[in-house]
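Noted in TrEMBL for the protein shown:
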SIGNAL    1-23  signal peptide
TRANSMEM  330-351  transmembrane segment
TRANSMEM  372-391  transmembrane segment
TRANSMEM  403-424  transmembrane segment
TRANSMEM  431-451  transmembrane segment
TRANSMEM  471-493  transmembrane segment
TRANSMEM  505-523  transmembrane segment
TRANSMEM  529-548  transmembrane segment
TRANSMEM  553-570  transmembrane segment
TRANSMEM  610-630  transmembrane segment
TRANSMEM  642-663  transmembrane segment
TRANSMEM  669-690  transmembrane segment
REGION    695-804  region 'Disordered'
COMPBIAS  714-734  compositional bias 'Gly residues'
COMPBIAS  794-804  compositional bias 'Polar residues'
Amino acid sequence: MLRRIAPALLTVLVVALGVTALAARPPQGAPQRTADFVVLAGIAGLRWEDVDPQSTPTLWRMAQDGSIGSLSVRSAHRPTCPVDGWLTLGAGSFAAWNGSRSVDGCPSAGVTVEQPDGIGANLPDQESVVQYNQQRLPWGAMPGSLSESVRCSVAVGPGAAVAAARPFGRVDRYASGLPADPRPLLGACVLSIVDLGTVKGADPATRAEEARAADAELARVLAARPPRSLVLVAGISDTTQSARLHVAVADGPGWERGWLTSASTGRDGYLQLVDLAPTALAALGRPMPERLFLGRPAISTGDRPADLAEAIDAPANADREAAAQRSVSGAFFALLAGAQVLLAIAMLPLLRRARPHAGPAGPTPVSGRIVAVMELLLVAVALTVPAALLADAVPWWRGEHPGWIFAGVTALLVAAGTAAVRFAPGYANTLGPLGAVAGLTTLVVGLDVLTGARLQLNSVVGYSALQGGRYAGLSTVGLGVFLAGALVTGGWFAQRVHRGWRPAVMVAVGGLAVVVVGSPYLGADPVGAIALTAGVSVAAVISAGGWLTISRLAWAAMAALAVGIGFAVVDLRRPPGERGSLGRFLSALGDGTGGFAVHRSSTENFETLVNSPLTVLALAGGLLVWFALLQPWGGLMRLFGIYPAVRAALAGTVVAAVLGGVLDGAALDVMGAAAALVVPMAALASLRVLGHAADRTRPAAGRSRANGADDDSGSGGVGPVGGGDGPTGGGGPLGAVHPRPIAGPPPSAPAKVAQPASDTAGERRGDADEPAEPTASGSTPDADPSVPVAPRQVSRSSTEVAAS
């Protein structure tokens with residue numbers, strides 16, 4: 001009784017744990033104390049490598065006393081030009097000036113600022129800019145939202161005018177530059193936005209001179225700042241074709257010597273440009289237009305090093321790593337895709353010739369050395385992604401040739417992982433490499449997530465802070481390899497227990513993976529958790545054998561729906577500023593702005609589909625599986641028949657990876673990452689299963705056969721190899737199936753006799769004449785390779801066909 005209800009109980013438990021883990025969110029802390037005034041000072045292009053005590057002494061002292069962080073300046077266009085950065089600052093959402101771009105990717109014309117009355121200013125192009133952002137761009141940004149949230153604002157400089165202009169183009173107070181005495185101007189309104197200049201170019205001397213000039217202007221602002229004021233200094237945009245991380249410094253009451261962070265990044269020391277507008281309003285104690293702001297208020301958290309030089313080294317190092325990651329990542333995935341395609345092509349003749357034949361008519365068997373080398377290559381290519389993740393523990397980006405250093409470190413880790421799998425106990429078993437590689441991958445990614453996902457950030461196989469999409473938790477590639485590794489590991493464990501307990505094992509292993517993926521403390525990917533729940537449910541319902549029927553599919557869909565609804569209900573009960581991605585999307589659907597989110601998701605899916613090398617991995621893996629492995633000579637169907645839990649794990653992986661990619665706006669990227677692990681291991685297991693295709697099993701003495709007899713006599717049973725009561729003896733159930741008796745193999749090709757499989761791992765029933773022999777590569781069948789099937793379903797091996 002307990003065995004029957006255990007899978008159902010575990011399924012309910014996993015759903016409850018998943019919802020609980022998704023519902024609990026780490027405390028973000030309250031926004032900083034209320035200030036009477038806020039001054040936003042922008043320096044386009046300023047990076048942490050430009051800050052030092054000699055060139056920028058004012059900014060150095062400000063950073064010493066305040067909170068610092070790395071600023072991602074993502075806008076609606078890439079690269080983020082200065083005018084786009086200022087407009088995004090004022091909108092609190094990703095915005096862009098217009099669609100007209102010059103060769104360098106930035107608007108060709110400057111900003112026109114009119115001063116009709118000598119007090120404020122007017123931007124005549126603002127109306128067209130608002131229409132462009134509202135109608136042409138998928139973010140629904142409203143330029144001027146920050147100024148609309150306060151009674152009046154001050155702008156100093158043309159860039160500041162872009163940020164401070166209201167939606168109809170009016171700037172309340174405007175000055176083209178700082179006056180001789182800035183105090184009256186900066187104290188005229190609660191919000192002041194100041195353009196301190198630009199730092200551009202690649203020449204260090206030029207950048208140092210421009211940074212020095214901006215620092216001198218900052219010194220005047222700090223000297224004239226109003227009492228009880230918060231001053232935010234930000235490198236507001238890029239000034240080169242390549243995106244970089246920029247300076248963010250906050251100085252004021254409650255911002256002493258910490259790291260800047262926000263709920264939109266979820267990682268200490270990282271801030272987005274869209275976070276500056278809600279930060280200013282939160283400091284002033286003003287309500288925020290939640291429908292218009294994508295960012296969240298920044299807070300100061302953590303204890304940073306007392307030595308400022310050591311503290312600044314962290315964001316400067318993050319900028320260098322992110323820049324190197326962008327150049328190496330594309331080449332890495334292109335090489336990985338190429339390697340897997342070449343291995344897939346090389347596998348075709350091996351699969352054709354892997355199955356032993358009884359007589360001289362069959363093809364010449366493949367050399368055992370070649371098969372062994374191919375197996376090691378398949379293990380190595382499957383371990384490449386987790387090895388690349390581990391390589392980020394070494395500061396490869398600091399070298400003169402970061403790409404080559406990364407390649408060398410990754411190759412060493414791949415070699416070490418391959419050796420560990422090769423010499424691990426059980427490697428000779430059919431499922432040995434598959435279980436070892438899946439378990440090792442799950443362990444590597446899982447431990448990284450449990451320790452803060454430090455290897456994911458700015459990693460070649462992780463996410464980049466320059467993209468502005470994710471700063472904490474699991475990356476797209478990490479999600480793909482983790483869900484594949486977890487499900488395959490669950491399938492490997494499930495195959496080793498009694499078939500009645502296999503759904504429980506799949507649910508237990510998969511449930512832990514759902515918690516890791518969905519918890520905001522860990523993977524922070526609720527959409528991925530919902531997709532993984534669907535995959536786990538599919539794997540659980542077919543792990544004991546049988547087809548994926550409508551009823552089983554319905555139960556799987558209900559489990560995934562339960563997790564999704566549970567998370568949505570809990571998420572919608574939170575304050576708007578604390579909701580996750582699913583809660584914000586449902587809120588947008590409720591207030592009529594969900595079309596922007598749907599548009600963004602569809603656009604991201606299409607762009608990712610046509611531009612990502614992971615699409616090649618997914619398609620190449622799918623073609624190999626469909627046109628080779630699933631063919632009668634490919635071995636995968638035989639693998640599925642012998643090991644139903646592995647079949648269930650692979651089916652669940654496909655379901656989870658496809659759903660996770662599409663719902664997350666990553667198209668086939670999650671599927672490509674999962675295929676990088678699963679397809680090589682499926683090919684290796686198929687190759688080994690084909691190597692044992694001619695193995696034959698004698699019925700044990702005293703074991704019931706087709707007609708239920710307990711001895712070697714009786715009618716209708718599957719007789720011994722050397723004779724006895726065969727399928728035609730006595731008109732048993734198999735008597736009508738075979739028109740001729742199955743004789744033993746010819747003397748020239750003696751059949752191998754394997755031990756009969758048992759229901760539980762390690763249990764043997766009866767004795768065979770001789771043990772199973774290893775294949776050409778040295779592999780042997782697992783202790784429990786099969787599921788008991790009816791005699792009518794027993795297929796004849798190639799040895800039997802040749803003998804008959």
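Here the Cβ of each residue, glycine as well, is placed from N, Cα and C on the backbone.
The shown structure was predicted, so the numbers you read here are calculated from the model rather than taken from an experiment.
Comparison of 330-351, 471-493, 610-630, 642-663, 669-690 by number of C-beta pairs under 8 angstroms to the transmembrane segment (529-548) places 642-663 first. Between the transmembrane segment (610-630) and the stretches 330-351, 372-391, 403-424, 642-663, 669-690, Cβ pairs under 8 Å are most numerous for 669-690. If you count C-beta pairs under 8 angstroms between the transmembrane segment (431-451) and each of 330-351, 372-391, 403-424, 642-663, the highest count goes to 372-391. Within the same chain, the transmembrane segment (505-523) stays apart from the transmembrane segment (669-690): fewer than three Cβ pairs sit under 8 Å, each pair at least 6 residues apart. A contact between the transmembrane segment (669-690) and the transmembrane segment (372-391) is present, since 3 or more of their C-beta pairs, 6 or more residues apart, lie under 8 Å.
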